[in-house]
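Structure record follows, encoded as structure tokens.
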């Protein structure tokens, strides 16, 4: 992990109402204390009636991080292998995992140095003042609402697949939006962790079933069903610029949960364990992506579907999507919850209402979840095609929140106010490279994504009733 400026003793992330000592004793003291004075949420546990905003343990941290990644992105990995070949695809998955983990390792020291930070708006405040706070807040909220919209689209796709398009897609979008809003309205991440475990079991059951099904079937569903067929399995595939950049952004999107980690560390019982759990989570995600993607691509080759759950035929598609529905709902729940809570904190921070179950507290909270969920529903209905919305998010918003911001937070704490002799030039050059790479992902990816979005809009209009799962052939 990168070296970081040591946090000042007075800026420990959490202190109790009792006098805090050194860092270790403070951590032990908090676990036994009834009242926590939190820099974001104020007094937590003061009367035993308010929500426990500091209730996420190590297991909860792991499952929330992992579920925020594994859900939507894993459905795109076989398609990435189809586009660029299996060897470049695996190298890309490993390289992106290392890059994202390196950037994510900046979260813990920056949070310990600046305990008032909850989301990207607070980072903007630390880095650039008032205007930075507003700009970063807009980017953060838009990103998470777009991801929530993408998850709603995935749920509607699953419902279409399971029912073989038994109803208008617009109806399924309404059902998805209501279900996601209800789950996202659960007040704390500590209370959502059990949903994370349900979601992990759901997505693993779905992709393992898919993997077994494509291995048992004689040929994939998209291949010619009679006569010889060539899966055209490629160790390395040639592709155009749009296809290559699209593959990169899809892989980046598969690791795009890093912005969630700011909210997760803010509700951890012991935030000093953040980096350890993050590394374990990203390593597991990379292993899942490589194993599932490789097996599905080996058996399907050029006939892999996107999303991949359709590769085993109509019947198994219905089974796999049915198993995946809880996982897709939980993915939407996490992102919609964090977007709503960011707005909630902006409104009530510094007042007693943020941590006490007052009337204003609940009106504000449900107002935030309804508002964020409503916007996500509108976006999901306006762009009801899974590939297009994933590419759009991955190219425009994901690099900004997953990569670009982290060299800036390193620069602030380790370069901006430090003496020349204390500055690390190699680390500066590394972070400059990361920043330039993030810019490349934004600029290059936007061209590919906009092209794909335009082509999609020509065949699928907003609030369409058309099947978005491919279950019904027109």
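Just so it is clear, glycine is given a Cβ too, placed from its N, Cα and C backbone atoms.
What TrEMBL says about this protein:
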type     : residues : note
DOMAIN   : 61-450   : domain 'Amino acid transporter transmembrane'
TRANSMEM : 79-102   : transmembrane segment
TRANSMEM : 135-156  : transmembrane segment
TRANSMEM : 162-183  : transmembrane segment
TRANSMEM : 195-216  : transmembrane segment
TRANSMEM : 236-256  : transmembrane segment
TRANSMEM : 277-299  : transmembrane segment
TRANSMEM : 319-338  : transmembrane segment
TRANSMEM : 362-383  : transmembrane segment
TRANSMEM : 389-411  : transmembrane segment
TRANSMEM : 432-454  : transmembrane segment
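Note: the stretches the transmembrane segment (319-338) and the transmembrane segment (277-299) are not in contact (fewer than 3 CB pairs below 8 A, sequence gap of 6 or more). Proximity of the transmembrane segment (195-216) to the transmembrane segment (277-299) is established through 3 or more Cβ-Cβ distances under 8 Å for residue pairs spaced 6 or more apart. Ranked by number of Cβ pairs under 8 Å to the transmembrane segment (135-156), the listed stretches 162-183, 236-256, 277-299, 389-411, 432-454 are led by 389-411.
Contact between the transmembrane segment (277-299) and the transmembrane segment (389-411) is absent: fewer than three CB pairs lie under 8 Å, with pairs separated by 6 or more positions in sequence.
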